[in-house]
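Please see the structure below; I have some questions.
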Amino acid sequence: MPLLELLLSAIVDALAYSSMIYMAALGLVIIFGLMDVFNLSHGAFFGLGAYIFVTVFYATNNFLLSILVTALIGAAVGLATERLIIRPVYGQPLAQLLVTMGLMTLLFTLIQLVWPTGLWFPETESFIVSGYVEIASVRVRVYKFFLMVVGFTLFALMSITLSKTMFGVKLRAGTESRELARVFGVNIDRLFSLGFMLGSLLAFLGGALVAPLTHATVELPVHFSLLAFAIPVVGGMKSYTGAFYASLLVGFVDRFVAYFAPWLTFAVDLFVMIAVLLLKPEGLFGR
């Protein structure tokens, strides 16, 4: 493949990839930024979302319904996790790491038991964003453009939500200072439940949207969880805007290295994280 075509293909892949990473990482940033909980099971939520989505699609042959069911299950799992597992250990960082690590292990084991051979996504006629377009002699899947639209739309919606809605004001207030939020009458327990539900829902949806591009195996959530955890480190642990730009940076680095030197992908991803930690420990957009 000529260099120009290879570059174009890598750019399209990087934009689509960044959108998927952003969705998973945004959920992580919401949970950590609001609740100071580093949810190690977030990657398992991502993988579980992929498997549930493909399973529902096999059963219904309906893309939108599969997305909806996955989102609802993600919200329910998030609510149950916050109420039953996270709430008893608020303010206990070590206990939070232990219980979320235990949940991660449990979910990975569940995935291997229920789907031991993995799942391929069946691209049928009912898949509403199937097919290819040709750009400068490069065939690109329409679905990748769909992912770009989803990613940029999510960023726009998040920006509007944070600046224009009461929930956004409460979310920012809770992120900045729980005590101040309580003074202004914010129900912190309810806000935490909603925040964890939203973060978990985004992880499940991220897994659902990546499923049509790859074979759902147990390695899928491991790889994407590493990337998702890299985003808060690079962009800033409590920066919603930073999550977007860090996703673009990590997505482009990951995909370009994968195209030209795939054996170095993981090492370069780690190098980017370490470099940011050394040069700006609070993240590029952190304070």
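Glycine too: its Cβ is placed from the backbone N, Cα and C atoms.
Please treat TrEMBL annotations as automatic predictions, because they have not gone through curation.
If you look up TrEMBL, you'll see 6-33, 40-59, 65-85, 97-122, 142-162, 191-214, 226-249, 256-279 marked as transmembrane segment.
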Can we call the transmembrane segment (6-33) and the transmembrane segment (226-249) in contact, meaning three or more C-beta pairs below 8 angstroms at a sequence separation of 6+?
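Taking Cβ pairs at least 6 residues apart, the transmembrane segment (226-249) and the transmembrane segment (6-33) are in contact, with 3 or more under 8 Å.
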Might you confirm whether the transmembrane segment (226-249) is in contact with the transmembrane segment (142-162), defined here as three or more C-beta pairs under 8 A between residues 6 or more apart in sequence?
yes
When you look at the transmembrane segment (65-85) alongside the transmembrane segment (226-249), do they share 3+ Cβ pairs under 8 Å, ignoring any pair fewer than 6 residues apart in sequence?
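No, the transmembrane segment (226-249) and the transmembrane segment (65-85) are not in contact.
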Same-chain Cβ contacts of the transmembrane segment (65-85) under 8 Å, 6 or more residues past its ends?
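Distant contacts of the transmembrane segment (65-85): 41, 45, 48-49, 52-54, 56-57, 99-100, 103, 192-193, 196-205, 207-209.
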Which residues of the same chain, at least 6 past either end of the transmembrane segment (191-214), have a Cβ under 8 Å from a Cβ in it?
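Hits for the transmembrane segment (191-214): 16, 19-21, 23-24, 26-28, 30-31, 34-35, 37, 39, 42-43, 45-54, 66-67, 70-71, 73-75, 77-79, 81-83, 86-87, 119, 121, 123, 127, 141, 143-144, 147, 150, 167, 170-171, 174, 181, 220-221, 224, 228.
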